[in-house]
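*Asks:* This is the structure, below, for whatever I ask next.
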Amino acid sequence: MVGLKPSDVPPTMAVKFLGAGTAACFADLVTFPLDTAKVRLQIQGENQAVQTARLVQYRGVLGTILTMVRTEGPCSPYNGLVAGLQRQMSFASIRIGLYDSVKQVYTPKGADNSSLTTRILAGCTTGAMAVTCAQPTDVVKVRFQASIHLGPSRSDRKYSGTMDAYRTIAREEGVRGLWKGTLPNIMRNAIVNCAEVVTYDILKEKLLDYHLLTDNFPCHFVSAFGAGFCATVVASPVDVVKTRYMNSPPGQYFSPLDCMIKMVAQEGPTAFYKGFTPSFLRLGSWNVVMFVTYEQLKRALMKVQMLRESPF
């Protein structure tokens, strides 16, 4: 990322991986209820949810969370958290931790700065690579977030836990079931990574170049918030298709394209922006928490590295 002084020790690959994964997990802990609310709003209106929808209707972000707490218990907004943390450790560490390295690969030799095209290519590449590794965890996370359990009984729960979900999906739908929705997810995360990481990179660079802010919390906050807004605007349509397709039972949709066509036919084009508000609240707050934490972790780990190399 931009903003490091020449005298600073550049972070190693291990520092970037650990810092990005840890910061993303912390951000998930803070914002996970917003993500769950987004998933519930995105799948509301599907054919398979009609019967349940007669009992439960979600209205707005806060209303969705309060309805879940009232009907399913206080822990329900955190359904799928374990899979979510597994996802971030394997996902964010790649898409964010590898971004600088891939950007350097695409940057022509002798160039002082990376162009916008170079940054977009790097964002698309690391986003797609991350999905390849983390897709099963994303499928399980979405299944848990989408499942509705009315009452305290566990008898209506399809999965008893995260590991049981992996086993059950593989047994009932085949190993391919764990990779369901990989194509729309690659599209979604390539777009999100470009809008998120590239926007953060450019905003931070410009704020520092024009001396509007120093390389500290306010700069990181503004850059991260702008990145979250851009990511939400461009990724919401793909995100809705991804969520519905991954949550669907076998046979409901033939492909992500079929899912998209049925959405337009049954609910109109506005269905692509269902759950936009929680998506923005979640991505905006997630980006702020993640990037601020990531910058501080990198700074702390680099100081430790400098002390090790020159203890006196």
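For all residues, glycine too, the Cβ spot is worked out from N, Cα and C.
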*Asks:* Determine from Swiss-Prot whether Leu212 and Pro10 lie on identical sides of the membrane.
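*Replies:* Both are annotated on one side of the bilayer.
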*Asks:* May I ask you to indicate which of 210-232, 279-301 is given in Swiss-Prot as region 'Purine nucleotide binding'?
*Replies:* 279-301
*Asks:* Helix, strand, coil residue numbers for the topological domain 'Mitochondrial matrix' (137-183) per DSSP?
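*Replies:* Counting residues by DSSP class gives 29 helix, 0 strand, 18 coil.
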*Asks:* Other than its close neighbours in sequence, what residues sit by the topological domain 'Mitochondrial matrix' (238-271), given a CB gap under 8 Å and a spacing of at least six beyond its ends?
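*Replies:* Those are 39, 42-43, 45-48, 138-139, 142-143, 146, 173, 177, 180-181, 183-185, 187-188, 191-192, 279, in sequence order.
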